[in-house]
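> Sharing the record's features from Swiss-Prot:
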BINDING   GLY150, THR151, GLN274, THR332  pyridoxal 5'-phosphate binding site
MOD_RES   LYS300  N6-(pyridoxal phosphate)lysine
Amino acid sequence: MNRLPNSASALACTAHALNLIEKRTLTHEEMKALNREVHDYFEQHVNPGFLEYRKSVTAGGDYGAVEWQAGGLNTLVDTQGQEFLDCLGGFGIFNVGHRNPVVVSAVENQLAKQPLHSQELLDPLRAMLAKTLAALTPGKLKYSFFCNSGTESVEAAIKLAKAYQSPRGKFTFVAASGAFHGKSLGALSATAKAAFRKPFMPLLPGFRHVPFGNIDALRELLGECKKTGDDVAAVILEPIQGEGGVILPPSGYLPAVRKLCDEYGALLIFDEVQTGMGRTGKMFACEHENVQPDILCLAKALGGGVMPIGATVATEEVFSVLFDNPFLHTTTFGGNPLACAAALATIHVLLEENLPAQAEQKGDMLLDGFRQLAREYPHLVQEARGRGMLMAIEFVDNETGYRFASEMFRQRVLVAGTLNNAKTIRIEPPLTLTIEQCEQVLTAARRALETLSTAQSTTAVATES
């Protein structure tokens with residue numbers, strides 16, 4: 001039997017990869033070879049731009065550090081055996097830590113039975129996860145659509161709002177400046193960063209943006225849309241803007257948005273892809289002011305850092321537009337048994353260990369420390385802000401933020417900038433971070449700022465002379 005063209009090359013690649021997957025440790029020579037190999041394959045087959053983006057995690061100036069395995073709940077180990085304290089959290093996916101044993105065990109047990117669903121028989125874990133989210137989420141949220149990512153959950157929310165509001169003659173969506181809701185076409189239409197939007201114009205029609213946190217601007221736009229017949233179908237917001245730079249709205253803003261939506265018959269969509277699952281000190285950030293959305297978007301930490309999963313949770317009134325034709329919006333892998341097992345275990349850990357409360361306590365400790373550093377280094381730091389374990393340090397310019405991330409990396413602490421605000425470095429560790437590790441982060445931040453300050457002073461003296 002003839003093999004397929006190019007099969008020998010592909011087989012060699014898969015055999016090599018499977019051999020690596022089986023290995024627990026690497027020799028020094030194997031590490032060096034793997035680092036070079038991964039660098040080359042990123043450059044030649046993934047995207048060379050990622051190598052530049054990951055400059056802050058570069059060893060020796062010629063290749064990016066290559067991830068190998070989790071260390072403990074809150075650490076990562078690279079191929080050279082160096083252990084890093086994770087304060088980036090995979091952009092917010094590791095709320096219950098790396099390889100949390102409860103989550104891993106649930107996924108392994110389900111894997112031993114059936115990894116994916118048949119699409120014909122009823123899958124029990126999807127039913128149980130939907131019931132769990134109905135019990136856990138605020139207000140009248142009752143039905144869940146499951147997908148694989150935050151962007152997909154936002155896409156589902158937009159389509160759900162469209163299906164509900166189109167018969168009512170409402171087609172306009174309102175999002176906020178600085179917003180990040182994803183990069184697929186619908187989600188990107190709500191996202192507010194020109195660099196992400198411009199190459200794909202025109203996006204979906206009917207999306208408007210108002211300043212985040214400005215209730216008067218929202219009121220004015222809703223009124224204007226009403227007068228011109230462009231009635232608003234939905235307002236979509238992050239309760240705290242993550243990629244925008246960890247921007248908190250003024251107190252009372254979210255309740256006022258809820259009131260305006262009710263007044264104008266608009267749905268309220270909360271994108272809690274990054275703020276949900278205990279990250280801010282409550283299970284969901286909207287609970288800080290007891291605001292209940294019509295649609296809630298979840299993902300990232302929902303899978304416990306083990307499986308990708310997203311969810312779009314809605315009230316029965318809104319979700320009922322899918323009852324007559326449940327195939328109106330579906331996805332092959334959404335709600336698969338492995339992902340649902342991970343999500344159920346993640347929620348169990350969050351509740352059993354009261355991790356949202358821990359996030360509030362340890363977040364307060366870290367934020368107090370960062371604010372003290374901001375006062376000590378005002379020539380470098382503009383502001384430290386956040387809520388719970390979602391924090392940011394905003395520097396005076398992009399270069400200073402980049403150099404801070406590089407210095408933290410040298411001290412084996414992982415941090416990175418936000419997508420919409422390059423001079424803002426996010427601090428988004430697992431909620432399982434210990435008090436001792438919190439102190440380690442603050443010590444590393446102080447040393448990094450001391451290094452930057454000394455370098456700045458040296459440069460200034462050299463310039464004067």
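Including glycine, each Cβ sits where the backbone N, Cα and C put it.
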> List every residue in the same chain as LYS300 (N6-(pyridoxal phosphate)lysine), at least 6 positions away in sequence, whose Cβ is under 8 Å from its Cβ.
GLY90, PHE91, GLY92, ILE93, GLY150, VAL273, GLN274, GLY276, MET277
> For THR151, GLN274, THR332, listed as binding-site residues, tell me which one has the smallest number of other Cβ atoms within 10 Å.
THR332
> If you measure every Cα to Cα distance among GLY150, THR151, GLN274, THR332, the residues said to bind pyridoxal 5'-phosphate, what is the biggest one in Å?
24
